[in-house]
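Participant: Can you keep this structure in mind? I'll have questions shortly.
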Amino acid sequence: MEMDWKTNMAELGGAFMVSWLVLGEMGDDGNMLMAGLLLAVTMAAMAGAHILPMFTWISAMTGDLADTDAWIGNVMRLVMQVVGAGAALALMGEGTVDAAGLDDAGAEIVAMWAFDLWPMLGMVAAGALIGAVASRCDGWMTAFAVVALAGAMGAGVTGADTMAGEVMGGGHIVEAASTWVLDGVIIGVGALLGGMLEDQL
């Protein structure tokens, strides 16, 4: 059986997006309506992907149980879902792990390999997801994804109004412009990389 990398990457990306955005909305005081809309956006953007393990198991158990190729494909879907969710958890936790089970040497090793580029990696990932949603879905779905991703990154959805306020008398033009341009470029690079990866699959 040949690997279906497009399906595998759709599962990985879908599980990443669900873990990062949807499950974040479903916390103790989470907004279930927003979580449902984000799940719909994710399923529309990653068309053909099961995204959630329950859908993969439903597909496996209601299909031809003797078809080994289908079982291998479903197992690969499950593996990619776990990898995507793990990547989202690492991004949300900014690479930290619970060091309670580590001795002092182990905790020092974890701290030694920590780095401060997690927010930038989040912006690149957000750009890739926004690019995927924007290229595959209607504008209203993209709007939900943008708002959710901005919230997940701790950023706002402002931009032009902040820059206009500084130009019209705020006095911090260089500071606002550098953040405005750099954030846009990093998110744009994420969308570019996501598109390039999709083209190669």
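Quick reminder: no glycine exception, Cβ is built from N, Cα and C everywhere.
Not measured: the values here are computed from a predicted model.
Reproduced below are the annotations present in TrEMBL:
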type     : residues : note
TRANSMEM : 37-58    : transmembrane segment
TRANSMEM : 70-92    : transmembrane segment
TRANSMEM : 112-133  : transmembrane segment
TRANSMEM : 140-160  : transmembrane segment
TRANSMEM : 180-197  : transmembrane segment
Participant: Given a Cβ distance threshold of under 8 angstroms, which distant residues of the chain, six or more beyond its ends, lie next to the transmembrane segment (70-92)?
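Facilitator: For the transmembrane segment (70-92), the list is 1, 3-4, 7-9, 11-20, 24, 49-53, 56-57, 59-60, 63-64, 118, 121-122, 125, 152.
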Participant: With a Cβ cut-off under 8 Å, give me the same-chain residues at least six positions beyond the ends of the transmembrane segment (112-133) that come close to it.
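Facilitator: For the transmembrane segment (112-133), the nonlocal Cβ contacts are 13, 16-17, 20, 41, 45-46, 91, 94-96, 141-142, 145-146, 149-150, 152-153, 183, 186-195, 197-198.
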